[in-house]
Structure formats: structure tokens, C-alpha cells
């Protein structure tokens with residue numbers, strides 16, 4: 001990084017830079033997805049037998065099975081907890097309605113309903129805001145960044161998992177316009193990161209298993225499997241889960257990884273269905289399609305004719321959503337205190353549609369208008385006036401049912417299913433329009449609150465409502481429910497910009513491959529139109545958090561830039577045999593905080609060593625003088641580095657005496673002797689392609705004599721992007 005940029009960013013930027021897409025934050029570090037092929041690595045590989053390699057491969061399959069099992073179990077717990085909490089909530093409301101109907105105190109029931117919703121949401125917001133802010137939102141942008149090579153603080157911690165699960169239970173039970181699907185993907189990724197390491201650093205418990213996989217390269221592949229298992233548990237779509245992991249996150253892929261991820265997804269779906277069947281007293285029924293059940297669609301060849309009508313308006317609505325949601329996110333810069341964040345979530349809670357397994361609140365609203373009592377209090381009359389609009393939407397005569405009340409006071413999953421499958425004539429166009437707009441603005445406001453929440457189901461519900469509305473107005477060749485299916489796919493695809501994976505997820509969730517082609521065409525149209533106006537929701541939130549995310553390609557007009565112009569210089573280098581005091585001073589320098597150091601001899605590059613490796617060497621006192629004086633000293637092995645992974649101790653915690661500062665340290669055995677290098681005249685797109693494809697953390701720039709002249713890191717590449725005025729450069733900010 002350029003020292004001048006660092007100094008300017010430190011002087012000119014505030015302590016926090018939330019929600020600023022014109023800056024890149026320096027607090028994010030890169031992960032090491034490139035193996036260091038030093039002497040220790042080569043010696044371990046030579047010692048490993050053919051049987052040892054086979055055991056490692058079997059271990060990978062076992063870990064993927066454990067990931068799928070635990071992810072499915074968590075999904076089952078979330079589903080059961082939401083159902084029971086909602087049942088308790090509505091039992092209390094129902095008892096209150098029956099108790100106060102005859103005395104005219106129905107307004108108390110309405111207040112009780114709002115208070116219970118706010119209480120659930122308050123609990124979910126408090127644990128997120130005060131205990132683990134990293135559990136807010138769906139977690140999908142963070143997992144995308146992790147798989148891209150960005151080290152997001154605390155994203156795969158056990159504490160994050162616990163708060164995420166408890167938070168999403170409270171959010172859904174509290175009636176917010178959110179879903180469980182995004183948090184399930186994050187939960188699966190956290191499970192994968194923990195299980196694959198064979199220990200818990202949070203609990204300080206080491207099970208002494210899977211030690212070989214304690215490095216970023218292996219951990220990345222398992223996190224991909226965990227994300228896929230989360231999708232599979234949410235939608236009952238194992239193949240869709242694999243494609244989601246491939247399309248949305250994975251920066252590395254091979255054939256064996258595909259099968260392992262598919263295995264994890266299958267185990268996740270089977271585990272969820274098995275335990276839910278036992279809970280529902282149907283031990284033999286394993287056909288439940290995950291947390292979401294869209295119901296089965298009958299085949300209809302004429303469905304391809306649906307493509308012309310629901311797409312344009314639904315895609316426009318998704319674009320509006322992507323404009324409105326960042327506006328809410330930007331204003332939240334003023335809601336930075338945890339107490340204010342909790343209050344905002346509690347404010348939204350009473351406004352949200354209800355998401356319980358039953359809807360006795362419908363009875364409350366209707367009884368306020370037709371309860372047959374003349375003892376309503378003045379407060380009750382005020383509430384009646386305030387609920388006049390609700391009466392227009394939800395009122396129905398005795399012996400009838402109101403489809404709009406069913407849409408509002410039901411789980412989003414059941415509302416989507418009713419929009420898909422209810423017969424023609426079930427919905428009035430006017431009330432359906434009002435429902436869509438109401439839910440649309442609530443969803444835009446809700447996503448970004450300090451609660452654990454997903455955007456999948458709210459998007460599907462909004463799109464299904466729009467699609468059903470167009471089906472009602474333009475139904476010629478098919479029933480409105482099939483328009484709702486296309487609208488749901490278009491809305492979600494327009495927001496998250498998924499194509500192939502979402503097609504397969506929708507096909508698996510609906511159980512009919514007939515709709516694969518039209519859904520794919522709808523999603524492609526949604527992506528093309530959406531990309532013309534604005535980026536997808538996840539990419540927008542990644543930018544708002546100032547994360548140095550590397551896209552697939554470098555900016556199109558950046559070929560004139562060279563490595564010399566983007567690299568950081570000057571570079572701190574070490575000699576192959578370096579003085580301990582020099583190493584300690586460099587690592588302790590807080591103004592630079594470098595993580596990779598070229599090793600030179602005498603001036604030409606001969607290797608690269610990481611800060612984490614140097615800290616382990618200092619901790620174990622691997623000094624030349626001590627090695628000579630103590631012949632019996634144990635030789636350092638890769639296991640020592642893996643035991644310190646991933647939370648390497650800070651340099652301040654390592655004591656080095658004055659005498660030890662005069663010792664020398666030989667880096668030959670521990671450095672990577674073959675780091676990737678590029679000439680300083682290499683164009684930016686070539687540097688970008690090499691850096692991203694190989695998952696590098698550092699790329700050394702050398703001159704014609706192989707001398708180090710600079711170092712390219714993730715932030716040096718991510719700060720260039722194509723803007724309205726051509727190629728633009730973002731500033732780096734210290735946070």
C-alpha cells in the first residue's frame with residue numbers, strides 16, 4: 001500500500017466508515033489461499049504414504065457428512081422453535097381476545113399482540129447489537145467475501161452461530177418481513193468452518209482431529225460445502241445448493257469438490273426431513289422439501305407463454321427495491337448506537353405482517369368491527385378508526401374466508417404457497433396491489449436492521465404477489481398461480497442476481513422440471529435488465545461496508561495501468577538470515593502492519609514469509625544461536641503452525657529479551673522459496689487475473705534483475721473500478 005495513501009486515510013477519515021461505497025476499509029485482511037511450499041511442507045508430503053493420502057480423502061468426506069448433519073439439525077431446531085414460540089404467542093393473544101370480548105377491551109388484545117411482537121424482536125436485536133453484531137442480516141454477503149478471500153472479522157465464530165440462530169428465531173417469531181433461508185446459509189458455513197478444524201477456539205477445546213485441514217485453503221472448501229448445505233436445508237434443493245455455492249461464492253472448484261458438496265447437501269436435506277417427520281409424528285415420511293414447501297405444480301406445456309407478461313414490472317420492482325434498500329442503509333449511519341438499533345427494530349416489529357402457524361389475529365381485527373358488543377372503550381374506538389383500512393382488506397362475512405387476511409396473517413412460506421396454488425378468483429386486484437406495496441416497503445426497511453434476517457422469502461412473496469396480479473389482469477393461457485411462480489423467480493433473481501442456481505432451486509422446490517426453461521429465461525432477463533441499472537443487493541451491501549471484494553474481471557478500461565502504478569512501495573524486506581531485533585521492530589510497527597515480507601539474498605528475491613509464520617518462530621525461539629547450543633531442541637514442524645491457526649498471537653504478547661534481540665533467525669526453512677512474481681510492466685488485468693485465479697494474498701513486483709520494487713495486495717487491485725466517468729480510484733481508509 002502507498003504510504004501517502006495510508007497517511008491521508010488516517011488523518012482524513014473518521015474512526016468508523018460504515019455505509020460508504022467510495023472508500024475501501026483497511027481493517028479487512030486477505031486469507032492465504034495459496035499454500036506455502038516451504039521445506040516443512042515438502043518434508044511432510046514426502047513422509048506421507050499412499051494410505052495416508054487416502055485417509056485424508058476419507059476424512060474430507062466424513063467432515064462433509066458431519067457438516068450436512070449438523071446444518072440439517074440446526075434447520076430443524078429453527079423450524080420447531082419458531083413454530084412453538086409463535087404458538088405460545090397466539091395462544092396468549094387468543095386467550096386475551098376471548099377474555100375481553102364481552103367487556104369491550106379488544107384494544108388490549110391488539111396492544112398485547114404488538115407488545116409480544118416487539119418483545120421477540122427486541123430479544124433478537126439485543127443479542128445481535130450488544131453481543132455479536134456480525135450475526136446481523138442474512139450473512140450471505142459476508143460468506144461471499146470469505147470465499148472471495150477476504151477475512152471478515154468474526155464471521156465464522158461459534159458465538160456468531162449461536163446469536164444467528166437465536167436471532168432469526170426471534171425475528172421470524174416476532175412477525176418481521178424476513179426469512180430463515182439466508183441465516184441458514186451463514187449457519188451452515190459457520191458449522192463447516194468449525195467442524196473442519198476439529199476444535200473450538202472460542203471454547204478453547206481441541207479434539208485433536210482433522211489437524212491437517214487447519215489452513216485457509218482447506219477451510220475454504222468446507223465453507224463452500226456448508227453454504228450449500230444451508231441452501232439445501234432451506235429449500236430442499238441439494239443440486240441447487242451445489243450450484244449456489246459455485247455461482248455465488250466459490251473461487252476454486254474441481255470435480256471431487258462438487259461431489260463432496262453434493263454429499264453434504266443430501267445429508268442436510270435428509271437430516272432435516274428425518275427429524276421433522278419424527279416431530280410431526282410421521283416417522284416414515286421423508287418427502288418434506290426443506291424449510292420451504294411451495295407445493296407441487298402440475299405440468300403445463302403452455303407455461304412458456306407466461307414469459308411475456310410478469311417480467312417487466314416485477315423486474316422494475318426489484319430495481320426499485322435495490323434503490324430503496326441502500327437509502328435505508330445509508331441513513332442507518334446515524335443509528336450507530338446499539339440501543340438505537342434495537343429501538344429501530346422494535347419500531348418495525350408491530351408494522352410487520354404476522355408469520356405464525358395460525359392467524360387468530362385475523363379474528364381480532366374482524367371482531368373489532370363485528371364483535372357484537374356495545375361496551376367498546378374510547379381507546380377501542382380510536383383503534384377501530386386507525387384500523388379502517390385493515391377492515392377494507394381483511395373483512396369477510398360469516399362462513400367465508402378472506403384471502404388477503406390469509407396472506408397477511410400467515411407465514412411467508414404459506415402465503416407464497418397460497419399465491420401459487422389458490423384457484424382463480426381468490427384474490428381481488430386492488431387488495432392484492434395494496435398488499436404487495438405494503439409488504440414491499442416493509443421488506444426494504446427490514447433488510448438491514450440489526451437482526452438476523454434473510455431476504456429470500458420476502459422477495460419471493462413480493463414477486464409472487466406481483467405475478468399473481470398480472471395473472472389476474474392478463475390471464476389468457478394459464479392460471480394466475482403460474483404467473484405468480486414466474487413473478488417470484490423474477491423478483492428474487494432481480495434482487496440477488498442468481499440465474500442457474502436459482503433456476504434449479506425453484507425447480508426442485510416446486511417438483512416440476514417443466515418450468516425450468518421459462519424460469520431460466522425470466523432470471524436471465526431479470527439479471528440483464530437489473531445489471532443495466534444497479535448491482536445486486538449483496539454486491540451493494542459489500543460496497544457499503546467498504547470491503548475489498550475482487551470481481552471476476554478487472555475493469556475493462558484498465559489495460560493502460562501497470563503493476564508499477566498500482567503496487568505498494570517501498571517494500572519492507574528481510575534477509576535470509578535476519579536479526580531478531582529487526583524482525584520484532586518491523587512486526588511491532590503499527591503504522592505499516594504488513595502481513596507479507598519478501599526475503600532477499602543479497603538483493604534479489606529468494607522467498608516470501610508471512611507475519612503469522614514469523615510470530616510462531618518468535619514464540620518458539622527458533623534462533624540460530626539457540627539451535628547451536630541446544631542440540632536436543634525439537635525441530636519445528638507444520639503442526640506448530642497449525643496449532644496456532646487461525647488466531648495467531650499478537651506480537652505484543654511475545655516476550656523477547658534484550659539478549660535474544662541480538663540473535664539471528666534463519667528463514668530459509670520456513671519461507672516460501674517460490675513466491676509468485678510479475679515484472680513491473682505487467683498490465684493491471686493480467687495482475688488481477690493471476691491474483692484472483694490463484695487466490696493470492698501477496699504478489700511481488702520485480703525489475704529486470706529480479707529485485708523487489710513493490711508488492712501488490714488485494715486492496716491495491718480492488719480500489720480500481722469502472723464508474724460513470726471511466727476508470728475511478730477509491731481511497732483507502734483506516735477504521
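Residue numbering: from 1, along the chain as shown.
Heads up, the Cβ atoms here are built off N, Cα and C, so glycines get one too.
Taking TrEMBL as the reference, the stretch among 379-397, 398-416, 550-568, 569-587 described by the feature transmembrane segment is residues 379-397. When the ranges 191-212, 345-366, 455-476, 609-630 are checked against TrEMBL, the one recorded as transmembrane segment is 455-476.
Ranges compared are 427-449, 634-656, 657-679, and TrEMBL records transmembrane segment for 427-449.
Stretch with the largest number of CB pairs closer than 8 A to the transmembrane segment (58-82), among 161-179, 257-279, 483-507: 257-279.
Looking at which of 161-179, 222-245, 257-279, 455-476, 483-507 has the most CB pairs under 8 Å to the transmembrane segment (103-131), the answer is the stretch 161-179.
In terms of DSSP secondary structure, the domain 'CBS' (671-729) contains 15 helix, 23 strand, 21 coil.
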